[in-house]
2 protein chains.
Amino acid sequence: MEKSALQKARIDYAPKLPTSLQGSVKVKEGAPTQSVDDQEDIKKLFPNTYGMPVVEFEPSNETQTCEMNVGVILSGGQAPGGHNVITGLFDTIKRLNPNNKLYGFILGPGGLVDHKYIEITEDYINDYRNTGGFDMIGSGRTKLEKIEQFEKGLEIVRELNIKALVIIGGDDSNTNACVLAEYYAAKKYGVQVIGCPKTIDGDLKNDQIETSFGFDTATKTYSELIGNIERDCNSSKKYWHFIKLMGRSASHIALECALQCQPNICIISEEVKAKNMTLNQIVENICNVIAYRAEQGLNFGVILIPEGLIEFIPSIGKLIEELNDLLAAHGNDYKGLDEEAQREYILAHLSEENKQTFATLPANVARQLSLDRDPHGNVQVSLIETERLLSDMCDAKLEQWKEEGKYKGKFACLHHFFGYEGRCAAPSNYDTNYCYALGTSAAQLIANGKTGYMAIIKNTTKPTNEWRAGGVPITMMMNMERRNGEMKPVIRKALVELDGKPFKAFEKIRDKWARETSFIYPGPIQYWGPSEVCDCTTKTLELEQE
Amino acid sequence: MEKSALQKARIDYAPKLPTSLQGSVKVKEGAPTQSVDDQEDIKKLFPNTYGMPVVEFEPSNETQTCEMNVGVILSGGQAPGGHNVITGLFDTIKRLNPNNKLYGFILGPGGLVDHKYIEITEDYINDYRNTGGFDMIGSGRTKLEKIEQFEKGLEIVRELNIKALVIIGGDDSNTNACVLAEYYAAKKYGVQVIGCPKTIDGDLKNDQIETSFGFDTATKTYSELIGNIERDCNSSKKYWHFIKLMGRSASHIALECALQCQPNICIISEEVKAKNMTLNQIVENICNVIAYRAEQGLNFGVILIPEGLIEFIPSIGKLIEELNDLLAAHGNDYKGLDEEAQREYILAHLSEENKQTFATLPANVARQLSLDRDPHGNVQVSLIETERLLSDMCDAKLEQWKEEGKYKGKFACLHHFFGYEGRCAAPSNYDTNYCYALGTSAAQLIANGKTGYMAIIKNTTKPTNEWRAGGVPITMMMNMERRNGEMKPVIRKALVELDGKPFKAFEKIRDKWARETSFIYPGPIQYWGPSEVCDCTTKTLELEQE
């Protein structure tokens, strides 16, 4: 593998571990736990993995050894640091017994089902230490949810004498990890399943999980780009930049980038929903800022738009919900239809209220909402060009205001979408250490006989040696939600909380950012240099932990 | 000004200067020079600034002082390092005499004409040391080319007792700097004009100018993003990424990014033109690679597309040339027409051959070619969605091949355009030093009585103290070219040379990159750390200087 100078230099970095994970560990167990909601339902669905205690690792003086082969799976979208979860896992299981083997299932959960795997060896893994991407073993979006899959997976698990599977994924993948753990426990197969909290979207967090890995690096990468565009904007002073940001439903990425870069406007989907705002109101709010700045001679600015926005506009959200159910129910006869026939099909099946909303949407947006869902039944929001939709609507409104004499500026705009640029960035020092510790923690959960747990690391705004490591039962984070038209047990997705500190901090200052030009230019992620430059975490985490 | 941690830390960086610029200098003059072509025409147009020698600075033991107020102008698109040209200029004129003043004209050449300026003071400038952007004084695209503008500018030059103007710009802006120098010299106004080679596009280089500033940082920023996308691509293994890159007509940026990242395909416009390739041939070449990789089970890849491509496809290039002249001649009656009428207007005025080409273009591309030109009369190539045009055409061809049984893969694609993300990035260590040296050189050209010169720094692949500083007469780089329908004296644009070392290196290896997956992931620009990571220059410059 040919490498860049940075790749070569980073391979030599030794990730820092919390004191508790540096050698042998013992387990401290807490009290029995409850799921965050729908306790009776969850308990019934997970009789063998419900109610287990939160565990924390403490240093131990005893020599620790354990024979265990482990299988690891990367599930879903890439997030910086995934390779370091695997290196942490690898180094720990080898330390527990040099004969232990780590197997990587290829291209995601499908690799387990189809028996596609490699043994991860010292030689092989060294090329991937402290690197971005999931290319060490690849990732995929196959959902592990059917008994046949679990049984098919068991065959290869037995063949390779695997004691435990580690599934590195987002909320849905960790939900499935727990379903698998429960199934293997119920069948007394003696195969453990451990999850790891991965997603750049930042929506897998709660009282137990401070942050999902990759959020730090991805938001820093996007903030570098946003800052560069802000600086460009402030130099030529002639464009409004509409920047859409990845992040699925939640607006954590947009909010974090706003806190880092101080753009003129950042839309938070969760606020749009809470205030029951219409698309027209959003457009009017943006135009008010554009018109105010134009009066000051400032015909430029930067606007951040979370990719999930469209789902959170209540009328459109209702429409999407019905469309999700409709497409889940009628998927196959619908798929073969051409564009016009699909539109007619949808209009024929929608309720009256949603039919009206659908009919009034711009044609390309209506089309995009009618496309195939992802494997979890969700709209592929990243394909909807919300940034163009909004700027087109702003343009029309400003034209109207111009005619009415309410606006006298110039409005020229440029569009950007940042997503794929950040998912495989080389992990920041934070994610490098955090992920290595998560992998180490996962190995220790296995060595200590746990299943149905997610590896966790807490206290991460403190120096690394003060970080706290352990595991949390996945059922503890679950509730019942409607998915693909059915009620299912799922890990509750963490949306931006409007009374949380990050949003409050933003809310307090945003009018100033809108009126003035308060841009901050974070620049590229640094791996060396002053600690305040290269070791800082996200503003979100700083505010939440302060 | 609120600052990020990186901004704060970078302000303290002391740029490194070549030995010859660290103190007092003396001037070593070469032989009289000739323009690169059309010597008689250029000599006639520039009687006072033609034929001057190349000059080089050498260290001197004598104390050097000079009374001089200077005005500085940022012209055209932003490029990383512009602020450092100004800080180099500032520090040097203050060293030559603390009473010297530096004035910045606001928002580009228009600031000189409209008498909009600020005095750049120590307090003011310190916030901008080693930062990206042109926001210190702003930039603009007003062309300085009319006598009224020169005379209007002279008023404020006299009022502020300015001895010389420094114009930081690309090929067109430096051409205009020379026209202004010639005019002031002919009129014996005693006002000097010095240019500085700025452009991320890399097309302002020749035997005298190794590279234009900003190219290093911008290509590293784009390469960071391309590398991240390559890693994403190689992890999920399911998309073809079509990435368009800024760079105007020339393909230097695309070529440099290809050398850094090793994508599967990189189109070089200059080669397309030299080989007289049609759009269909380009598409077929891409599809051959896609089909070959599909046979190996590799239904993914990364393709780089220079934004100027469309102009270099000979049939389309001829069309654009005629359109440029047509729009220049008929600009005003054309502008008021609606879309359909503009199309009819164009079809009515085009020659038969170009009419046919125009009629066969996809509607949106034809539309984009019919839009307003930039102030230099060029098509705004960054607005043409070549990346979508190509992927749509590939999709259609692959469908056809599938029907013919020649292709059995899956083709899903994603699009990106990188441009604004790199123009205002924080300058790399290379650009930080290079620009500071250019500013210092410009100040010394003024102090040594030169006009119509461009500041230059050579030998920049060597350690900074070995860099060589001086100036080159702008007329030396000129020839006559057709612009806006007229022959004009202009600095010859440097396109990618097909027998140059960078292209040759690429040509030799590209088939391997197409067939295999040879991605390299450069990662973000580093300011600290191992020298091979943070002090390297571009592959283009390395190869050219080797």
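Glycine residues also receive a Cβ, built from the backbone N, Cα and C atoms like all the rest.
In TrEMBL, annotation is done automatically, which means it is predicted and not curated.
What TrEMBL records for A:69-336 is domain 'Phosphofructokinase'.
A coil conformation is recorded for A:GLY77 (diphosphate binding site) in the three-state DSSP classification, outside any helix or strand. Per TrEMBL, diphosphate binding site is recorded for A:GLY77.
According to TrEMBL, the feature Mg(2+) binding site maps to A:ASP171. Listed in sequence order, A:THR199, A:ASP203, A:LEU204, A:VAL490, A:ILE491, A:ARG492, A:LYS493 are the same-chain residues at least 6 apart in sequence whose CB falls under 8 Å from the CB of A:ASP171 (Mg(2+) binding site).
Under the heading site 'Important for catalytic activity and substrate specificity', TrEMBL lists A:ASP172. According to its DSSP assignment, A:ASP172 (site 'Important for catalytic activity and substrate specificity') is helical. Of all the Cβ atoms in the protein chains shown, 25 others lie within 10 Å of the Cβ of A:ASP172 (site 'Important for catalytic activity and substrate specificity').
The site 'Important for catalytic activity' annotation in TrEMBL covers A:LYS198. Following the DSSP three-state reduction, the secondary structure of A:LYS198 (site 'Important for catalytic activity') is strand.
Annotated substrate binding site per TrEMBL: A:THR199, A:ILE200, A:ASP201, A:LYS238, A:TYR239, A:MET246, A:GLY247, A:ARG248, A:GLU307, A:TYR420, A:GLU421, A:GLY422, A:ARG423, in sequence order. Other Cβ atoms within 10 Å of the Cβ of A:THR199 (substrate binding site), summed over all protein chains shown, number 30.
A simple way to gauge crowding: the CB of A:ASP201 (substrate binding site) has 27 other CB atoms within 10 angstroms, across all the protein chains here. Taken from TrEMBL, the feature active site, proton acceptor applies to A:ASP201.
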Sequence-distant neighbours of A:GLY77 (diphosphate binding site) in its chain (C-beta under 8 A, six or more apart): A:SER139, A:GLY170, A:THR199, A:ILE200, A:ARG423
Subset of binding-site residues A:THR199, A:GLU307, A:GLU421 within reach of chain B (CB-CB under 8 A): A:GLU421
Between A:LYS198 (site 'Important for catalytic activity') and A:GLY247 (substrate binding site): CA-CA distance (Å): 13
Entries of A:ASP201, A:TYR239, A:GLU307, A:GLU421 which, being binding-site residues, have CA atoms within 10 angstroms of A:ASP172 (site 'Important for catalytic activity and substrate specificity'): none
Residue, out of the recorded positions A:LYS198, A:ARG423, whose Cβ gathers the largest set of other Cβ atoms within 10 Å: A:LYS198
Inter-residue C-alpha distance, A:LYS198 (site 'Important for catalytic activity') and A:TYR239 (substrate binding site) (nearest angstrom): 36
Listed binding-site residues (A:GLU307, A:GLU421), ranked by Cβ neighbours within 10 Å, top entry: A:GLU307
Fewest other C-beta atoms within 10 angstroms, as judged across A:TYR239, A:GLY247, which are the binding-site residues: A:TYR239
